Amino acid sequence: MCGIVGYVGRPKSLEVLLGGLRRLEYRGYDSAGVAIITEEGDLVTRKRAGKLAVLVDDLAAEALTDGSTGIGHTRWATHGGPTDGNAHPHLSRDGKLALIHNGIIENFAELKAELLADGYTFESETDTEVAAKLLGREYEAGGGLAAALGRVVVRLEGAFTLLALHRDEPLVVVGARRNSPLVIGLGEGENFLGSDVAAFVEHTQRAVAIGQDQIVTITPDTVTVTDFFGTEVQPTEFQVSWDASAAEKGGWSSFMAKEISEQPEAVANTLRTRIHDDHVVLPDLAGLEESLVGIDRIVIIACGTASYAGMLGKYALEKWARIPVEVQLSHEFRYSEPVLSPTTLVVSISQSGETMDTLMAVKYAIEAGAKTLSICNTQGATIARESDAVIYTHAGPEVAVASTKAFVAQIAALYLFGLHLAEVRGTLSPEATKEALDELSSIPEKLEQVLLTKERIQELAKWMSDSRAVLFLGRHVGYPVALEGALKLKELAYIHAEGFAAGELKHGPIALIEPGQPVFVVVPSPRDPNSLHAKVVSNIQEIRARGARILAIAEQGDASVLPFADEVIPIPLAGALFEPLLAVVPLQIFAMELATAKGLDVDQPRNLAKSVTVE
Ligand code: M6R
């Protein structure tokens, strides 16, 4: 959601801002705009509804004077539709100050009423314009831009990142954040601000994450961070571990196609340096290590795809570490009055580390006295910083809205944690630990093999592109895979799709089966010790008898499904807990190819944002 870029340095703001906004496009947005202080000291702005290309074309048709200071924004509409007028930046009453915003100002109506009573008028329906007008009024009261921003933000309720500039302070950009991301990029004679490092990684890999309730002021040569009341704080610098080329398509037709292909590497990088002599080594847990022995319960919180990774984590943690685990959607968690104690470990999973629902759930857990661990793919993200410890997945930047490589990396990280916890608790023999680690280490190579099925799945997807509804079935660890397959198809191809636990079929969903209904079935290995395979094959027969078209994802060489399936997509042999890492890939490819066959944008599906930074 909303992408934010700020720049101070050389007279090339427009290039930096548009480049940054382009890299932030993946976050999802529906309008874009920039504000620049020209070398002559004028404040100029341009904003347009639609994609960034609309703004770029507009700037090509009628140039905007460039300057050394600027802010840029891509807006995901909340208050008011995606129009030119609602797009950011918004201006102060005197037109000397411009402001952009990510998040929601919950008390904007009350603040707007105050300004209206003071004679202010508004041109947009946004909460952002209220902040711009307020900041303009505070600026007039004196003390400079950063101090004025401090006086404004203490009055705001909700979540926000704000950036502002004022023509009377021509080489300054100020920013503030609460529950919404903002990162500084450190350059030579130039400095940057961004919603995430993608905004400036082509210029610098030196970054500083801004803490909760902090204000930053950047000039070409200085960076100052304070709390909301002006007391200086010392933030910590970090090195971005990937370069600009990692966030480029690199010849692939879409970021999603590239990211699906990167899954072997994503898992390998997440495991790298964390397995030594048949043990898991997680220095990442330093902040938690002493508490781990006393943990008696785990609650996993996450949203969307990350929650399905969490469901798989539950199977692994309960099996290996013999500890009760529950999985909750972050947005449901804190409203259910969960029972938490200092011996509860709350594990949050988030690719972006900025998902507002998950962040709020983590804060709730902290306040309730629970221990917190996050599994996160984005260095320095808010959720990671709030938690007692973080296990970073090293999947590299995930740009496509649909999560793919982050999902398999999350599972790998959860499994590493599960095996480590099992060792701490003494619940798994060294032989069983070694066997599991060997399985995990073999996943990257097996993923390479699954990727070879791409062309066949592409044909299948083309052939099914006019499907109206697709169902997905799985049991045990196959169930989260079914849910994920359905989610991918919904979000990318806009097709009604449902995932079910196969055992639930006879309790209702089987009524949906009619002749020709396509059903993907995730078939467990015939070697499964719990005889789940036979049960799933029975389920296949039940729906086939009612006319369903069966598309089975089954272990290589499993001849038992052949007589009943219309299509079998083979995956390499793997232990039961590890099959999901492989079985999900054909479903990702299927959703992507079907959406492509329908002519849809697979990287930025309609209505969706990569990083959901509002509740
Ligand atoms: O950044 P997060 O992992 O916290 O995001 C959670 C969900 O919003 C995300 O997984 C979403 O479901 C994806 N679009 C699914 O492809």
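Cβ atoms here come from the backbone N, Cα and C positions, even for glycine.
If you look up TrEMBL, you'll see Cys2 marked as active site, nucleophile. Annotation comment: TrEMBL describes Lys610 as active site, for Fru-6P isomerization activity. Summarising the annotation, TrEMBL assigns domain 'Glutamine amidotransferase type-2' to 2-221. The domain 'SIS' annotation in TrEMBL covers 288-427, 460-605.
The average pLDDT for the domain 'Glutamine amidotransferase type-2' (2-221) in the predicted structure is 95. Taking only the Cα positions, the spacing between Cys2 (active site, nucleophile) and Lys610 (active site, for Fru-6P isomerization activity) is 10 angstrom. Secondary structure from DSSP puts Lys610 (active site, for Fru-6P isomerization activity) in coil.
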